[in-house]
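J.: Structure below; questions to follow.
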Amino acid sequence: MQLGTAEHDSSFNRGTTAKNCTRVTWFLLLGLTEQAGLKGILSALFLFIYSVTLTGNLAMITLIHADPQLRTPMYFLLSILCFIDSSFSALNTPRLLESFLTSSQSTSFAGCVVQMTLMTLHGTAECLLLAIMAYDRFAAIYHPLLYHTVMSQHLCVQLVAATYTASVANSALLTGYIFKLLYCGPNIINHYVCDIPLVLQLACADVAKAEAIVFSSSALIILFTITIILVSYADILVTICRMRSLNAQSKELSTCASHLAVICLFYGTITFTYAQPSSHSSMEQNKVVSVFYTVIIPMLNPLIYSLRNKDVKPALKRRCLDMLPS
């Protein structure tokens, strides 16, 4: 199998055919950084973040399902978000920690396929779920008396099922098409994960169609979810402005604050990633942004919802009191 450098001409071996191609069977991941002095510090830091992420998300899921007052559509959807975040972190952070222990890290071709599939699935699911949560906030503020009828448990389950169905379909479409291409070498990925744009750079075939499919799929999902979020919050803002009581306005705004913070973090990171020009410096920046997206945000989401939520803190206190010996 032919090996090569991480930086190579995008036209390299584009004319290679299946007959004269020795297919790549594994990829070499260079990791987050090659500076040995930073690896020890970063390893300890990300191990701490990983522990906080799993503890925070699993604790939030447990609390939501254990406390009767949190058994509402909003918190049911929040528990799904916590599940996605904990799964996303468990998928990426151990591989990041492993990269600090070695100068480089190899992964099989099948392992790269599985990792990209799961990353795409969870990323798509989080986009769609944030849109559903925005509609949930709209239903709670615009139809307060009919909220539990509009957002019934049955509808919530159907929406989550539809989210995962769409996510699986999108993930299967993208990864299936990407890994149908020929990969004959180089096999070096300048990242700690099998990132779609970097894997496509290694293909020994014309990737224009694959790039168009990836762009179209990403644009469709992002535009669809952002439209739902913007329309929902526009209606929420109009409804709040019509309220005569300042206390009522403040209360309704506070219920949206946590969700808005999570949306800004998530979409802000995506925008920064895809707005950067393609260059070596932007490659290093994108690795840092990927860490924020795959490692930091899953840790911050449960903290945002617990620290800025008037229902979660009392529920947590009740559970702590219940655990004390009588």
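Glycine is no exception: its Cβ is also placed from the backbone N, Cα and C atoms.
Because the structure is a prediction, the values reported are computed rather than measured.
Okay, so TrEMBL annotates it like this:
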DOMAIN    56-305  domain 'G-protein coupled receptors family 1 profile'
TRANSMEM  41-63  transmembrane segment
TRANSMEM  75-93  transmembrane segment
TRANSMEM  113-135  transmembrane segment
TRANSMEM  155-179  transmembrane segment
TRANSMEM  219-241  transmembrane segment
TRANSMEM  253-276  transmembrane segment
TRANSMEM  288-307  transmembrane segment
J.: If you count every Cβ pair below 8 Å, which range out of 41-63, 75-93, 113-135, 155-179, 288-307 shares the most with the transmembrane segment (219-241)?
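T.: Per the Cβ count, the answer is 113-135.
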J.: Tell me, what is the mean pLDDT of the domain 'G-protein coupled receptors family 1 profile' (56-305)?
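T.: Taking every residue of the domain 'G-protein coupled receptors family 1 profile' (56-305) together, the mean pLDDT is 87.
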J.: Below 8 angstroms Cβ to Cβ, which residues of this chain, lying six or more residues outside the transmembrane segment (155-179), approach it?
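T.: Same-chain contacts beyond the flanks: 73, 76-77, 80, 109, 113, 116-118, 120-122, 124-125, 128-129, 132, 196, 199-200, 203, 210, 213-214, 217, 221.
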